[in-house]
Structures are given as structure tokens and as C-alpha cells.
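Reading through the C-alpha cells given below for one structure.
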Amino acid sequence: MCGIVGFIGNNDSKEILLKGLEKLEYRGYDSAGIAVMNEDGVQVFKEKGRIADLRSIVEEDVLANTGIGHTRWATHGVPSTVNAHPHQSKTSRYTLVHNGVIENYDLLKREYLQDVALESDTDTEIIVQLIDLFAKEGLSTEEAFRKTLGLLKGSYAIALLDEENKETIFVAKNKSPLLVGLGEDFNVVASDAMAMLQVTNQYVELMDKEIVIVQKDQVTIQNMNGETISRDPYTAELDASDIEKGTYPHYMLKEIDEQPLVTRKIIQAYQNDSGKLTIDEEIISAVNESDRIYIVAAGTSYHAGLVGKQFIEKLAKIPVEVHIASEFGYNMPILSEKPLFIFISQSGETADSRAVLVNVTKLGYKTLTVTNVPGSTLSREADYTLLLHAGPEIAVASTKAYTAQLAVLAILAEVAGASKGFKHEFDLVQELGIVANGMEVLCNAKEEFEDIARSFLSTTRNAFFIGRGIDYYVGLEGSLKLKEISYIQAEGFAGGELKHGTIALIENGTPIIALATQESVNLSIRGNVKEVVARGANPCIISMKGLEMDGDTFIIPEVHELLTPLISVIPLQLIAYYAALHRDCDVDKPRNLAKSVTVE
Ligand code: M6R
């Protein structure tokens, strides 16, 4: 969480930093700050709240060619102006922004900084005070920075200004993402290329434990021993329009609407010249040589994993277990002899998933990451990567990444099964095409979902999602969408499980959103709906064409029954979106959350 930026060049840096931070707000948005440096020294502006709040306090007439900035998701200390970054050393010589968590900050404070009255409650402040302390003891800034980094345990992406060295931004990284962007007569630093796409698309990736001396016409990467490392830049394949809302009121709505296009892009990306679905042979061998697949993920990606299990077991006939990343480390199951680990992660940065990846890599197991972000940590650190091709997903609530994850997992299962000679009666390319068309129909029915949200959810305190089989997993995703953006307490349940406890929660008018897209359980889920209606519930039934019954609230277009999650989720995304709007919630930036969860 948290996003950092830096700029050094000939232009005024303020606006570049603020614009960059706006693009990084998805990483955290409880407070923000910038520090700019010119011949008069360093000036810090920081504020609780959003970048817009910060913008309003930045003084227009301060001109500076160098600066750093930060948008925060609080881990240590409440969101406040004092805890906002940048933090300054007591002498004001050093100013620093940090993304990550310093696990041993308390110990370092007691050992080195007993005489320093810290201003904030953050783990970050000790970094800048330590650098200052070591500089006062006679070390150069580079030496003091290196010595401090050597003491830190945890994760960091850091940008540091030294008032006595105005030509440089000192940068370092360990476990938190960080890039250096290259320009003509300027260079930049950013947690994500998106932030600085406004000025450059040329980036150099940084590896853990590297230190970078960034000057306006030179970038020097060093390892912890001070040895220089050379690395070629890459071109960020991002279009500036991908990261703009355009005419949409919210990124979430734009991203929901992009799902048909993304599904078609995925089909193309995984087709060979003769139109056959194809995946790197090494990946298919790793899948087919494994005796059990362990899918590890969090949140929406975990829900995609639950559906992915069905695809892989049915099409490739390999047993699959799906695990919540944050639980896996403490609760490691007995592993099979030849496991393959699949990490599903939109961002490719989720710390909980990464912790498992690091562990299982140490144990010598093969790993595959399914991610939307090429070059992300989980992608770099796994043996293999499959990309989602969904384009940047900026709204905190994941939508197009979920359906992209499902499409890619279906293709993986299909290609793995086909390479073992398994046959089935449908053509996945054709069926995914039908899915994309169905998605379009649903995206064009927004008014109906707005009405459903208004009549079922505008005043309720809670809501339940029920389904059986694959519909149950989609219900889990629907309930996560609703709770995270509308703050309605929403839960997903297996239809048959209600009578074992949950049905006690049903009161007069409780909204129940039931999914009925599976022929084999259509009658049973209808039975469950009757049970809750008999106890006063207000049912919203979303069924599929061919399985519809009188009184259904919405009927989605027919697609192959294994692929229904790719389209049945769209009504749930749109219902959550409109429920949040009706309740005046901040759809794209819900409270307490951040898009990229880089703390465990
Ligand atoms: O980037 P990841 O897919 O690894 O993120 C995992 C979860 O944090 C994420 O899916 C989260 O649950 C979303 N906000 C849900 O909409």
C-alpha cells in the first residue's frame, strides 16, 4: 500500500508530483504529501485526506525542480497530517517518503534514537532520523543511507532528499514495488509506471536491496555493496487513455463495461495463428506433471480461484485445492508429492500471496502466477506467468480482473486437458465469444440493475447471496463487491447450508439475492428461496435463459453452464455499484481499503 513518486529535472516538479500521486491514489488515500527542493531548501506540504486536499494547500508560487511525494494507507499511526509523509529529520536536512513496513522499527528506536523525540507514530520516521544520525557521525549521505538500509527489517520503497545535495534523489527498494523512469534532462521515481506516464514511458525495473542515485541526467543503480549494476530500460505498454475515466463517472463503471472487450482480447492473446488456444508448453507440462494444484489468492482473486478449481478439475482432471493466502502460511496442508502452486493476483503485489510464494519456492516447488501486471513482484518471482490482458484496473473493487482471471483459468484448463487428449462437446473459443456477447447485453441493461439496487438495497442493513455449486462461488464475489463499496453487511452462502444456521438471520424484508444458472441444482436453489420467502425475505432471483421461472427478477443470456460465472457476476457488480451510489458512497475509493495490498 502507499504510493511514492519523485521528480528531478528542469521543470517545476509540483504539478508532476501531484498528478503522479492522483494516479497512485488506488494504493492508499488517507493522507498525502509532497516535499519540493530548490536553492532555498526543502518545503513540505502534507494533509490528511485525498490528493485534492493536498493540492489545496500546496503554494502555487513555490518553484522547485526536484521533489518527492506520497499517498498513504495507514499501517502505523492513524491517518493524520503528522503521520502523513514526507517525514523530516530533526535537523530538517533529510526528507523522506516510504512505502512498506519496517518490522523492527521499535527495536531500532530503542537502540539508536532514545534521545530523539519523534514527531509521528509511524515506522517510517525512524528511517530518516537514523540517516541523519549516521550523517552527523561523519558518514556521507550515501553511506548513512546504506548503513540505515542494512539495519531495516521489512519492506520498503524509499525516496530521500538531502538538502546539502540538491542534485540527487536517493532511492532504495526491498519487497515494495519501485521503478525509475527515464526522460530527457529529467528522471522520475514511481511505485507504478502509471503515475509518470504523463512524462515518460521508459522505465528501469529495480530489484530488492538495490540503491539508486537518481540525478536529472544520470541514474546509477548499485547493490548493497556499492557495486554498479547496469540494466536496460523497457517501454511501459500503457496507453494514457487506459488510465483515464473518460466520460465515465467512475472507474468501476468503466471497468465493468470493458469486460466484453477484455474477454475478446484474452481469446486473441491465447490463440495461435490457426485460431487454436495455446499456452507455453513449459507451463502446460508443469500443470500436467503435477499431481495436485494449489491455488493461493486473496479477496476477489480467491473467489476466481474457487471457480478456476471447477475448470481445472473438469477439463484437465487434476485435483485442485484453493487457499486463502493469509491463512496458508500458518495452516499449510499436507502437500502432495508433485504440487504446482498457482498464485492469482490482479496486482501481482499482494503481500499475503507473496509470502506463500517465497516459502514454497524455498521448498523447491514450481509456481505459476496469473496476473494483470507484467513485471509485478509475483510475476517476477514465480517460475511462470500468465497475463490477464485486462488493462489497468483502477477502481478498488475488482471487476474486469475477476472475469479475466476466469477466462484465463478456463483457457489454461482447456489447453492442459487437450494436451492430455481429453475431449468434450464444446469449443471454448466459441463459448467465450458467446460469453462476451452476453456480457454486452448485461452492460446495456444498467437501468434495470439500478432499479434492482434501489428497490432491494437502498435502505437495508444487510443482504444475503445464495447459490449452489458454481453459483455459490459467484455469490461470494457478489457479496464482497456489495460490502466493500456500499458498506451493507453482505454474506454469501451455499443454498443448502442456510437451514443449518444462517436462516435464523432472515427477517421481514431481508434481501436475498439468489443465483439460478445451473440446471442440475435449479430446483434445489428454488426450494431454498421458498424457505427464506416463507420467513419474510425479499428475494431477487437472477436466473439464466432456459432455466427461468415465473417471478424471476432478471434473466441473464444463456452461456455454457461451466462459464456462467463470467456473466452472472456482472449483474452483481452493477447492483453493488448502484447500491453504493444510492448510498452516496465513494465507489472507486471505499473507506479503509486500498487497491494493492502490500502488507501482510
Ligand atoms: O491484487 P490481488 O488480486 O492479489 O488483490 C487481492 C485482493 O486484495 C483484491 O481482490 C480485493 O479483494 C478487491 N478489492 C476486491 O474487489
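Start at 1 and count along the chain as shown; that gives each residue its number.
Any Cβ shown, glycine's included, is placed from N, Cα and C.
The active site, nucleophile feature in TrEMBL is assigned to Cys2. Annotation source TrEMBL lists domain 'Glutamine amidotransferase type-2' at 2-217. Summarising the annotation, TrEMBL assigns domain 'SIS' to 283-422, 452-590. According to TrEMBL, the feature active site, for Fru-6P isomerization activity maps to Lys595.
Note: the domain 'SIS' (283-422) comprises 66 helix, 28 strand, 46 coil (DSSP; helix = H, G, I, strand = E, B). Secondary structure at Cys2 (active site, nucleophile), as computed by DSSP, is coil. Summed and averaged per residue, pLDDT over the domain 'SIS' (452-590) gives 96.
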